Amino acid sequence: MAAKDVVFGDSARSKMVEGVNILANAVKVTLGPKGRNVVLERSFGGPTVTKDGVSVAKEIELKDKLQNMGAQMVKEVASKTSDNAGDGTTTATVLAQSIVREGMKYVASGMNPMDLKRGIDKAVAAAVEELKKISKPCTTNKEIAQVGSISANSDSSIGDRIAEAMDKVGKEGVITVEDGKSLADELDVVEGMQFDRGYLSPYFINNPDKQVAVLDNPFVLLHDKKVSNIRDLLPVLEQVAKAGRPLLIIAEDVEGEALATLVVNNIRGILKTVAVKAPGFGDRRKAMLEDIAILTGGQVIAEETGLTLEKATLAELGQAKRIEVGKENTTIIDGAGEAASIEARVKQVRAQIEEATSDYDREKLQERVAKLAGGVAVIKVGAATEVEMKEKKARVEDALHATRAAVEEGIVAGGGVALIRARTAIAGLTGANADQNAGIKIVLRAMEEPLRQIVTNGGEEASVVVAAVAAGKGNYGYNAATGEYVDMVEAGVVDPTKVTRTALQNAASVAGLLLTTDAAVAELPKEDAPMPGGMPGGMGGMGMDM
């Protein structure tokens, strides 16, 4: 095991604070509408230009081990805030830096770090309650667009795209972001449930122009096993033919004689059918078949439920208004399932999301909720160059997370104003002793820091603006984009409550840990091994002359 360097007290803390400051100073220049860009070097390809706080934070690794510890702790603030709320990473970093900076002064003057932390925690809890009180719900398209625009660094076109997508697929719908092929942003919406399996034979196509099979008002047969024997299918096919409606078969696979017979019937116009494989694999396949059954008001023909293909009746088949089957995708539009059953299924899947441990599982479950609840929208980001595309895509993703957070917990005035207003809840607080009161004071000072930084990045005098905003009431604040004092909500400068709350809580949590640190253990830098000796010189007089 390598030897370690153990550093105590002020020496450890001051080194870690240096690391905090290096990281925070690099991140905070991106804050606000007039924030600057940061250029990140890449080991291959061109550099990346970004205004995203967490992207900058993730790139920073410092040579000095103790400085790096401090930087990594603040990096944790940014990434945790990004994971929970999807935005607010720069605000969280600015808050953490301020709490650490002010707190260190008090620790150096001999105050008890534990009491300081208790005071900080008390103040943050009161501020969070106040933020929840002043929060207002975010329901209209206009408000959603405003949140998206602010989060995408005041790019209103991105906000409008996200609001349009949410309007089309609902608040629960899945919205994904992809690279576009043109200069303009595009929005593709898939209504109904879509899964990534296409027709098993091109002979099922009945719309040659679009190369798809379209079934109007069809029955849907769901089976969890392979179908290879046509005899198993005959009874149900006869019932469907009598009803004079088309049929979609979703099974593990349809092959051999069964597939050939379906194709022949289709070509001759006796019975319009399409066969597709069931989506997903293993347990996920069973769950998705069950989802389709609930959406279409049918049942999965499976041994577990005591149903067999030979005895299947029309009552066990699902129904839909329209189904489109392409080469790679199947879309079920307007399934005949009961709203109450679908709602119950959505609740059940949501409960599984809460318990999911891996990001992959959570993502797949969220997709299932969206497919049951309404649809999928894809925002295709357009840009002139690849570098711009990457930067813009990151902003769209940020904005998307922020709008979700806004719909979830509501919105507050943006531009650092909400934190200034939440200070009123802390102003009257007192701790159990003078050290706790100092902790409360630290948070009071830190909560004006985001506004200070926004103003500084805009090239104005921070103290004057902070005093003017603090003297105002409600949503009165400073719009750094225009340099005017306005009602922030009316001007469309709003932040999701969840983002502001999460930033403050995470910043206080990590800053409190730093303040209460009294020793740091780091690996000693490896000493370079001395150069190996050269070859000895030859001895004189050893020539080989004969």
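Placement of Cβ uses the backbone N, Cα and C atoms for every residue, glycine included.
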*Range annotated as region 'Disordered' - as stated in Swiss-Prot, picked from 316-336, 526-546*: 526-546
_Packing count at Gly88 (ATP binding site) (other Cβ atoms within 10 Å of its Cβ)_ = 32
_Among Thr30, Thr90, which are binding-site residues, the residue with the most C-beta atoms within 10 angstroms of its C-beta_ = Thr90
*Number of other Cβ atoms within 10 Å of the Cβ of Ala480 (ATP binding site) across all protein chains*: 25
*Might you list, by sequence position, any residue in that chain lying six or more from Asp495 (ATP binding site) with a Cβ less than 8 Å away from its Cβ?*
Gly88, Val147, Ile150, Ala402, Ile411, Val412, Ala413, Gly414, Ala418
*asked:* When DSSP is mapped onto helix/strand/coil, what comes out for Thr90 (ATP binding site)?
replied: helix
*What three-state secondary structure does DSSP assign to Ala480 (ATP binding site)?*
coil
